[in-house]
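**Q** Sharing the features that TrEMBL gives for it:
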- 1-23: signal peptide (SIGNAL)
- 224-247: transmembrane segment (TRANSMEM)
- 289-317: transmembrane segment (TRANSMEM)
- 323-348: transmembrane segment (TRANSMEM)
- 360-384: transmembrane segment (TRANSMEM)
- 390-412: transmembrane segment (TRANSMEM)
- 453-474: transmembrane segment (TRANSMEM)
- 480-502: transmembrane segment (TRANSMEM)
- 514-537: transmembrane segment (TRANSMEM)
- 552-579: transmembrane segment (TRANSMEM)
Amino acid sequence: MTRAGVGGVLALVVLACALGARADGSDHKYKDGDHVPLYANKVGPFHNPSETYRYYDLPFCAPEHPKDKKEALGEVLNGDRLVDAPYELNFKEDKNSKILCKKTLTKEQVAKLRDAVAKDYYFQMYYDDLPLWGFLGKMDKDREQGDAKYLLFKHIHFDIMYNDNRVIEINVQTDPNVAVDITEDKEVPIEFSYSVTWKKTDIPFEKRMEKYSKSSSMPQHLEIHWFSIINSCVTVLLLTGFLATILMRVLKNDFIKYSHEDESLEDQEETGWKYIHGDVFRFPKQKSLFAAIIGSGTQLLALAFFIFLLALVGVFYPYNRGALFTALVVIYALTSGIAGYTATSFYLQLEGTNWVRNLIFTGCLFCGPLFLTFCFLNTVAIAYSATAALPFGTIIVIILIWALVTSPLLVLGGIAGKNSNTEFQAPCRTTKYPREVPQLPWYRSTIPQMAMAGFLPFSAIYIELYYIFASIWGHKIYTIYSILFIVFIILIIVTAFVTVALTYFQLAVEDHEWWWRSVLCGGSTGIFIFFYCIYYYHARSDMSGFMQTSFFFGYMTCVCYGFFLMLGTVGFRASLFFVRHIYRSIKCE
């Protein structure tokens, strides 16, 4: 392993340790009567996961001097804004109908709370790093008259389980019978209260988080996941069989025909992919863009593998707040050198001249659209006063990471790529003038080929996509990373096989412009994923509103674009390997 490889592994180990450590430094051990930290996080519409607001934006009871909890980068990116909650849940102290506060809600406050109840607002808190949720109220509809009655819950019951000196589990319950009517626009006197019950359990502290991951590991869900893998494996086997029986038989016949040294054969005119051996390695147009795509795609592929590595070792356990976002930011910054090296070295292999411009292009190819999307969505979040709006300090931190880590590593990778002095390995010499591509039927044009190329890889992952979307854009929990990793590997294999097959068929009809076609066909799965996004939004979710719609389509467009770059790189690399192999096996004159 190279020094850079060792450094990368060490960086990942340090990152894993940092992500696994607790920000508050607490050992989670308490004595009877000790204060156990309870933080209120956020409130928002249940069906709009991105549209969340600060807990005290609604007129709840608040401590005299509520303090914000210091949060890590990933927590802020996740929209978490933890603040001291007014409830006192001391260790092993039961309470019965403890009055929290008494207040009179103004008409404006009543209208605000009524709107929150109508939109199914929920609240989220953290007690000793354990998450808990509850709804603010409920809406009763009179079936006969069609009128709605809005009820605000005013009593919360905390059911807490402990083992020895540690908190193991917490549940929150609201009583619909203890609620106040906020249907009319008038001042409403209200008394908020809560109760606490402590119960002993035998569940060890090390397994207290398993409760939150059980939902994705239920037998009925596992059956669906395994069905997804079996479906994907069948796709791979069918595709492999197709390539083995069709391609190898055809190629074998081609090799026999092209290597035959009969004089009668020499007099015949060459046909098929052998006919274009002088053009197949002709460099593509837009070399700088092409090399930048390969560089960025390689970086994103490395990022995906490192994220899976951290997931498989258990870093992203349920409700490890912000760990995934922190890992994405840090690993993307650390892998920027891969993009710089790959793009620059390949650009120079294509006989490019302005490698500095190509390096800048590579650095902006994915980050540029992502930054513009972030600026727009952050402006929307600021207009909504939502917690998704990043504070100024966090934006400065991200800019510093980009300026002090991402950019220097990109430049160092580019310099290393420039000094590698590797030449493009082409088995055949390229002729001076390109052959004209023959007139081909419509289904052999780029768009129909992309549609055929993207369908099979997408069919291998579409079942798993629902669970991923339900986790990211809903309140489901996804923890079966091993199955997800298998599906990801299958996606890579199917993409490579399909692109190789289409590349061969393209060369067989004497179309030598396969470079860009292999990237577009490989990356077309990203377009299929985007269409699935549209389907999921309208048919499988209840998301609504301008902010949630903007966040969903804004960030998912960036994700699909990332998949396009990554899988496009996989398609091209597989096709390049295949094309070199078949032309190395024949005599090129």
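Each Cβ is built from the backbone N, Cα and C atoms, and glycine gets one as well.
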**Q** Select the range from 390-412, 453-474, 480-502 that forms the most Cβ-Cβ pairs under 8 Å with the transmembrane segment (224-247).
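**A** Top-ranked stretch among 390-412, 453-474, 480-502: 480-502.
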**Q** Below 8 Å between Cβ atoms, which of the listed ranges 289-317, 323-348, 453-474, 480-502 makes the most pairs with the transmembrane segment (390-412)?
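**A** Checked against 289-317, 323-348, 453-474, 480-502; highest Cβ contact count belongs to 323-348.
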**Q** For the transmembrane segment (480-502), which recorded stretch in the set 323-348, 360-384, 453-474, 514-537 gives the largest number of Cβ pairs separated by under 8 Å?
**A** 453-474
**Q** Mind checking which residues of the chain, 6+ beyond the ends of the transmembrane segment (289-317), have their Cβ under 8 Å from one of its Cβ atoms?
**A** 12, 15-16, 19-20, 209, 213, 323-324, 327-328, 331-332, 335-336, 338-344, 346-347, 350, 352, 358, 361-362, 365-366, 479, 481-482, 484-485, 488, 515-516, 519, 562, 565-570, 572-573
**Q** Report the listed stretch (323-348, 360-384, 552-579) having the maximum count of Cβ pairs within less than 8 Å of the transmembrane segment (453-474).
**A** 552-579
